[in-house]
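The block underneath contains the structure these notes are about, expressed in structure tokens.
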Amino acid sequence: MYSSSNSFLGGVNNARPGQPPFMQQPPYSQLPQGQQQIPQQTGFQPQPTGYGSQSASHLQPQPTGFPTGQLQPQFTGFPGAAPPQQQQQFGGYQAPAQQPQLTGYPPQSQPPSLQVPSTTGLPTRLAPRTSSEIANSFSDGAGVAPPPPPKSSGSKIPNIRLSFITAQDQAKFEQLFKSAVGDSQTMDGEKAKELLLRSRLPGSELSKIWVLSDTTKSGQLFFPEFALAMYLCNLRITGRELPSTLPDKIKNEVSGMVDIISFGVPDTEPQGAARTNVPSFDAPLLENKSAPPAPQHPKPQQPSNAQFLSQLAAQPTGFGPQATGLQPNQPSLLGANATLAPQTTGFPGQSQQQYLHSQPTGLMTNPQATGYNGPRPPLPPMPTGFGSNLSSMQTGGLAAQPTGIPGQWGFVNAPSSGLPNIEALKQQLMPQPGREGGFTTAGLSGNASIPWAITKEEKKIYDDLFRAWDGLHKGFIGGDTAIEIMGQSGLDRKDLERIWTLADPSNRGRLNMDEFAVAMHLIYRKLNGYPVPNRLPPELIPPSTRNLNDSIGAVKSLLSQDAESRKASGAFLQPQKTGVSYLKEHSFRGGARSPGFGRKDATLFKNNDEAAAGYRSSARRRVGNDARPSSPPTSQASEEELSVEQLKKKIRETQIMLDAVDFKDENRAEEDEVLDRRDRLEAESLMDRTRRVQDDIDTHPNAVFRKLDNGAERRSLRRQLQAFEDQVPQIASEVRRIEREIADAKLELFRLKDAKAHPNSAANIVGTGPGGTVTEADRIKARARARMQARAAELAGRPVPASVDDDGAAVRRLEAESASIRADREKNEAMTRDVEESVREFTRSLEDSLKEEGETSTREHERRRWEDALGVEDVIRDFIYDLQRGSRTAHIRKEEESRASAQEQRLRHEEPSPGVSRLSPAPSAGSAGSLPGSTHEDRVAAARERAQRRIAERMAAAGLKPHTDTSETLLQRQEREKREREERLRRAEEEDAKREQERQRRLAEEQRSTSDTPAKPVGKKPPPAPPSRRGRTDSAGQAEVKKAAEETITAEQAAREQAIREEQQAQEEETNRLEMEAQKREEELLKEKEAQEARLRALEEQVRQGKIRKQEEKRRKEEAERLAKEKEAALAAQRAEIERAKERERQLQLELERLDEESSSDDEGPVNITPEDSTPTQSQLLPTVTPAAPVSAPESEQAGSPEDTSSQAPPVDFKLETESKNPYFKITHQATDTQVVSSPPVPQPSFTSPKADVHSTNPFHRLAKQETSKPAFTGSAPLERKSRARPEADDDWSAAGSEFDSSDDDDDERPGGGSAKQLASILFGTMAPPRPLSAMDDKSPSKSSTPVQDSPVASLPVPESNGSLSAPAAPPPPPPPPPAAVPSYDPSVAPPPPPAPPMAPPAPPPGPPPPPGPLPPPAPPAASGPPTPAGAPDRSALLASIQKGKGLRKVQTNDRSTSSIAGRVLD
């Protein structure tokens, strides 16, 4: 609120008489050289006496202080004026090596200017000084004691909390009020005006604030009134209006606090104690009750000199004031930590003080100037030097020195320049209501000099912040809270992350008090321009962390040293040899010299039985025949202390305690027994439930499939897979070896063939050289042999052999063949590698499939524990085994049932064929072997038997004798297996009976009444007995029987083969028929798809033309709307005139009734009224004519309204998408658009532009647009409804109805004007029986005024008035499937005939086709309806010819069928 500092610098001080502005005061170093005082050579440095001189030209300062024979005066603290020559030498003079130090102020001469000495009434508070200064102050004030000034009671503000401001604001306002009024209780109007003007509010607003704040109407403000004024200023600055009157609550609070302050002010002030120059050592060193607020806020104005002069009386000193040696007219150079008040000097009314200025006095650490009382800027560097010939050095203000160890926390004072903006940072980060509404970081940044270490003031502020945020006193602040606190500082997120990393070195995610102080100090440094360090300096490491780390390091070093010493001394190996504990020397308490060395600690403990007090018998410690040793003194003392009665009493008490303990133990044992019994009952109930669940699982029809995925079979298959995988490399090596052999054989075969084809080739020469090489002699011999063979052939009359080839031809042929063989070998090698890789991949896939999902060691352990009963108690083991036995029994029983049912089914299936019943066990065995519940070995055997049987059948069919196996026959094996199954079933039934008996006994013992006792399982029907064998009567009968059996088998085989062949033929015929039907359907679907694509292309072309028309019609419509609005305005004006005329007529009628005369007044009335009557008569016709235009075509309006909505939706959507940024508005508009456009349209690039997609950032909005614009196969009717709307539908609502006929004529003459009829006939021709063209022609004249050629769907809502379901009102049909997935039509229902061709474009527009009636939900749209095999090609050709402009001839359609889904339009 007080962000401007201009008012502190020049705005207020200009109004003070006798004092120039702050920036225009004469500098302290511009006094002439001749007027500078020269100290007297008396051996002492002149000291300030605190009094002004009577005459500056005659009196000199008194010589006091230290001898200065070899010393020159030096400016320490706030120096006086220096000559101009000294100022010019500031930058170039080098000080000597040894600079004598001098406390005090050098003598200064007084300028001849007149200044009024100012006095202050602020209480004196002394800051720390050196001992020499304190001694000098005693010597200076020893002679004369100034008269005591009156003591002020001070500004006392009651400790009352105001509810309309926060506690922080109230404390800030208290500081501001105290600094402004000093010891007074009220603030006068001028001071309040100065403070309120800093808010930069207009004068009218400040006047209202003053009227509301000055509740006492005294022209002065008490503190509650001042706080109220600040509160009202804040309201107005934040943009809220000022109340006209104060609320009662605020008014009562302010009035009550004002009364308390008024009653607490005494009538007369007591006489205060005399003020001396002796510092007050009892006051706190840093106490400053009159200091202004912290520098981060602009400091209020100090009281003026005139006010202090009016409060303080001048004190005579007995002689003329003396020169103090201080620089006159010294500028205000104090900061916020000035703690000393100036002293009054001299008589203020003396005329001799015309050469004196106001004197700043006090101790030298922080002297305060009295010439200016405004806000003090930070202290700039001061020049110092030696006397008049030495230049001064640039030094800053006296900074507070740390009083503790360097780098220690909390012992560093604030720098001399203070901590700017620290209070603002505190107020910003304090938890307060309304902070979520927004905050500003203005005023937090600065460029102050901040040390690394945390100062006392900072630590206190940060601790207060920590306690304020740690409301639950957890001792730490979590990450979420720290983010909220640190985020209010306005720093970058990366800087805050680095600060958090430095403040939380342990990565705990929370900060304690010291770590929070480190984080806040780093934030404060960053706000003042310091970078965030990469690692914490030693000054910022919290003491707790540093001490903890040191302690941990010390413990680690002790442990490591102890381990090394024990290792070196061998104490690890022979502890009994030393007999001492080395831990004793390294005790945590210290070394051998520590005070507690004699005491034992936790490093070594040994129980001392001797130290036990009480009675102890010595009979156990008698040694041999020695006398009984004396009891220890402790035992004697205990016996002496306790008498027999006391011992008996203790025994009784102990007995009582033991009995109580026994009773508790008995109770506990009973409770444990009850719990054990309850646990047993629960365990037994759980076991029963488990048995019942297991029985349900075993008896479930799908329980047989549960055995397919057991662990044993998986492991067996994995072992087989591993064995096969091990065989793969061996097989691959064998393949490669065979490939090599094949290649070598091919090469050798080629050599042989080549030698046979070229017998005289050089390749056939046998080499006799080393290594079988061919030499020149071998070639000569070969040529000689060839010549001899040629001569012999010539003599014998045989053909002469071919000449010998050269060496190159044979070699080339061999190389070519070798390359070909090598290429084939490499190709085969690549194939082998591919096969190996494929086998490996297949093996990996099989291994993954054979692995149990989620198989881990824990899962395997649990599975083996509860399935294999490993590591469980005996009861649980017996229970698991019982469940497994029951499961196996149920599995065997179910397997027998399945086999029996399969056998019965096969017998039932083979009954028609004679003689097959005796072979029924064989197929039953085969089918049973392939059951899922059988084992792997059974399935393998069954597969082998089936393969053998098929081989035998094929051999028998080929006339070959099958191989006779001397081993067990099929019938014998089946008999054996049947006996084994019967035995297993019998054992399973016995186990079931035993288990049921056990269960019944257990139920009887538990005395549980069950309503439905499960009955014993009924015995299963035994499988049919094997075919009985005929007894052998004699050998002849046996031969006949065997022969008859063979003939029967042969006949059965022949019949079976004939049946198989017939079945195969039937299957082939059925397959051919299905293939032909599928091919036919595919052709029909392809034709339908082509026709649909052609229709879609035509529709797209018409949609494009319709868009162009809509753009033009939109412009016409907007113009019509504008004209309609103008007409409506004119009509409104005419209605107003009518009303006024009516009112005038009524008034005139009243006047006529009041008139008593009947002469000329009756005639004059109608004469005046007639024009006014004519006006409403003419204008009243307009409202009746105006609605007549839409009445002429109500059907078109009703029909066009839904289409207008759908057609106009996309342009509005485009506008909204490009302009609106509101996500909620986008979502609402998207939902509305989705409801209006119910069916997906044909992709229309003009409706959704790329620009709209770019500007829309809502992902759901983009997804909805993509789904809306997705080009799916939809019906033609939804496409037409979406893309083509009546452009003149909106014009029907206007008052001007003259555009209907003209627009209709224009539509007829357009190139695509007649396309609507064609499109309507195409769309709805398959949905309803087409009407004859004669009927359409009859209806066309009556409908000529309606623009049907542009809106064929306009008549869709008409059936809605009759109660039938209309297309727009019905929910949108589901999207049709793609053409390839169209279901086959029902052949029993004839397809609808093709639509009647519409008239040519030049012909008059016919009436609209009848719309579809109420459609059932599963009915697809017209375009994706049942295909018409005969009409589809003609319709496609017809549509193509229509597109080319071909004229259509009139045809007569005979409606032979009526579609079940077609509707009818009621006229």
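Including glycine, each Cβ sits where the backbone N, Cα and C put it.
Under the heading coiled coil, Swiss-Prot lists 634-758 (among others), citing sequence analysis as support.
What Swiss-Prot lists as coiled coil is 965-1162 (among others), and the listing cites sequence analysis.
The compositional bias 'Low complexity' feature in Swiss-Prot is assigned to 25-48 (among others).
The feature compositional bias 'Polar residues' is assigned by Swiss-Prot to 50-75 (among others).
Per Swiss-Prot, compositional bias 'Low complexity' is recorded for 77-101 (among others).
Annotation source Swiss-Prot lists compositional bias 'Polar residues' at 129-139 (among others).
Annotation comment: Swiss-Prot describes 340-370 (among others) as compositional bias 'Polar residues'.
Residue counts for the compositional bias 'Basic and acidic residues' (1054-1087) under DSSP (helix as H, G, I; strand as E, B; rest coil) come to 34 helix, 0 strand, 0 coil. As annotated by Swiss-Prot, compositional bias 'Basic and acidic residues' applies to 1054-1087 (among others).
The compositional bias 'Acidic residues' annotation in Swiss-Prot covers 1154-1165.
Residues or ranges marked as compositional bias 'Polar residues' by Swiss-Prot: 1171-1182 (among others).
The compositional bias 'Low complexity' annotation in Swiss-Prot covers 1183-1197 (among others).
Residues or ranges marked as compositional bias 'Basic and acidic residues' by Swiss-Prot: 1279-1288 (among others).
The compositional bias 'Pro residues' annotation in Swiss-Prot covers 1369-1381 (among others).
Marked as compositional bias 'Pro residues' by Swiss-Prot: 1389-1430 (among others).
Swiss-Prot lists 169-257 with the feature domain 'EH 1'. Taking the domain 'EH 1' (169-257) as a whole, pLDDT averages 87 in the prediction.
As annotated by Swiss-Prot, domain 'EF-hand 1' applies to 201-236. Sequence-distant contacts of the domain 'EF-hand 1' (201-236) (same chain, six or more residues past either end, CB-CB distance under 8 Å): 1, 155, 157, 162, 164-165, 169-170, 173-174, 176-177, 185-189, 192, 242-243, 245-246, 250-251, 253-255, 257-258, 261-262.
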Fill in: Within-chain partners of the domain 'EF-hand 2' (491-526) [C-beta distance under 8 Å, separation at least 6 from its ends]
409, 419, 422, 425, 429, 450, 454, 458-459, 462-463, 465-466, 475-479, 482-483, 532-533, 535-536, 540, 542-545
Worksheet, complete the sentence: Residues in the domain 'EH 2' (458-547) per DSSP class, helix first, strand next, coil last, are 55 helix, 4 strand, 31 coil
Item to complete: Would you mind listing the long-range same-chain contacts of the region 'Disordered' (822-864), meaning Cβ under 8 Å and 6+ residues beyond its ends?
Response: 711, 714, 717-718, 721, 724-725, 728, 732, 735-736, 739-740, 742-743, 870
Item to complete: For the domain 'EH 1' (169-257), jot down how many residues DSSP puts in helix, in strand and in coil.
Response: 58 helix, 2 strand, 29 coil
